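As structure tokens, the structure follows; a few thoughts come after it.
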Amino acid sequence: MPIITLPDGSQRQFDRPVSVLEVAQDIGAGLAKATIAGRVNGERRDACDVIEQDATLEIITAKDEDGLEIIRHSCAHLLGHAIKQLFPDVKMAIGPTIENGFYYDVDLDRSLTQEDIDAIEKRMLELAKTNYDVVKKRVTWQEARDTFEKRGEPYKMAILDENIERTATPALYHHLEYIDMCRGPHVPNMRFCQHFKLQKVAGAYWRGDSKNKMLQRIYGTAWADKKQLAEYLTRLEEAAKRDHRKIGKALDLYHMQEEAPGMVFWHNDGWTIFRELETFVRTKLKQYDYQEVKGPFMMDRVLWEKTGHWQNYADLMFTTQSENREYAIKPMNCPGHVQIFNQGLKSYRDLPIRMAEFGSCHRNEPSGSLHGLMRVRGFTQDDAHIFCTEDQIESEVTSCIKMVYDIYSTFGFTNIAVKLSTRPENRIGSDEMWDRAEAGLAAALAHNGLEYEIQEGEGAFYGPKIEFALRDCLGREWQCGTVQLDFALPGRLDATYVAEDNSRKTPVMIHRAILGSIERFIGIITEEYAGFFPAWLAPTQAVVMNITDSQADYVQQVVKTLSDAGLRVKADLRNEKVGFKIREHTLRRVPYMLVCGDKEIAEGKVAVRTRKGADLGTFTVEEFAEILKNQVRSRELKLLNEE
């Protein structure tokens, strides 16, 4: 007679084993209708699964994150059901959930077209609208293998052969005539899976191995209701408009080309933004008492073997040879910073030493993963390494966190998700050391008044870390900042300092990145601002234009005055109508357009418009120069009189 304890502490006793759904029915018909699955003793279970002993139970509905993930997973099965009806010879591989959706890898002897995808989606909806029950059956390993052998599914057979113990009892989910295998749970009925959209097809190797066959990966998104789906598709449309690759081309910021995959060709305007970011971060480095250094571009293999990179990171490192020596182009800056620390004897009185670099790094990322500025092979890290004692961890991390928020707020990022990753099973150092390290990070987060999510076991083997993910205007998360403790690398590279008792001790190293990759950060802010960069970042801050040729000399004088004030200004003296010029520079997202006609010349002024079409009136050149200089100096996000 199981006793079921519900989340509110109330209990229900049954005279026989009961399923999750039966408990929901006992609570109420409305809850039963909404039940997707349950969490039994903290473990997700299907609605049909039977509870035989006393247990805690939470009912999972479409309102829960878990419920939404289950809907998405079941939509992957629905996709399998539909494609099998339309293309009976297709072979099904894997169909997991991903952020906001799902995919299914399929093996088909023809390339799927957009018309095919539309037909599959239509069939999925037709099937889901029949509201059929999903039937779960536990079978022996051999029964599962026989089932898929009979159905001609070699990939399912391979999963059984290579990933599932012979003693296991796999779960087969029956969608009418279609059968799939999964850990589950899945929806009990397809009425939960009627708000989805198939999005695209891409290539994907079986098992992610380029030596295996290339499959077709069909991506989709799924939501709990029509409103959520519509809102998500609207966000996708907005994201497409904000795509940094599209805006980067329109604004002539940069380009990529096949001869240098994953490497950026910065054009003048994009490089201007890049240098402004560097200048801004440098002011913060000075404010937070960092020294700036520059390490070599590549180092001998011997050093990378000492750090462990050669053994664990070789696939991502570019290498070259010279005079019978093998070198690796650096994928990160930390080993070089330890070499700088090692020059000269250090005392505990010298610590902490905060060492920053705009380091040019290269990683041999797979070509299929490259994506504009967001995923590149050559990038500039704004990282730093702090060498300190264990006693200084909390205060140094506190300072790092303060710096992270200080910098992010300048760009308008105030919604930041914070995660603390703790000790993994495989780690170096004693439990006491990890206790102190994790406590130090937690105390620093508390000192800054931050809420955070704990990621158990997600720390690196050499130390715990804090991650900072920016949430942008579309609700997307971008993981940029990290504060990582490292108890391993300084020791591997023989870094020591003279302690207060005259013994030699190994310093703790704190890895600290804020923007992360400058290239990627430019991609992020390009999409966040939709190319409407604040005045301090805008490549051209103002364009001065004439109405007729008679104002050309005055325009040149205005440009000189503003340029001499340190502003980035251009003249537009083309023989075009002023309305045409305004439209063109508006499309180029230039913050301010200054029009000079005979009236403005007579008054010694300029008529000022913004890129959003606001007419700000007339100003003397000196007045406008002071306004724009103040905006740049204070790094304001909005233009004059902009809401």
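The backbone N, Cα and C atoms fix where each Cβ goes, glycine too.
From a predicted model like this one, the values you see are computed outputs, not experimental measurements.
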Of the candidates HIS267, HIS371, HIS385, HIS447, the one that Swiss-Prot places in the Zn(2+) site of CYS334, HIS511:
HIS385
Tell me which residues of the chain lie with their Cβ under 8 angstroms from that of CYS334 (Zn(2+) binding site), as long as they are six or more apart in sequence?
THR307, ASP383, HIS385, ASP486, LEU489, MET509, HIS511
Under a three-state reduction of DSSP output, how is CYS334 (Zn(2+) binding site) classified: helix, strand, or coil?
helix
So around the Zn(2+) site, CYS334, HIS385, HIS511 aside, which residues have their CB within 8 A of the centroid of those CB atoms?
MET332, ASN333, HIS337, ASP383, ALA384, GLN484, ASP486, LEU489, MET509, ILE510, ARG512
By a simple count, how many Cβ atoms lie within 10 Å of the Cβ of HIS511 (Zn(2+) binding site), its own Cβ left out?
23
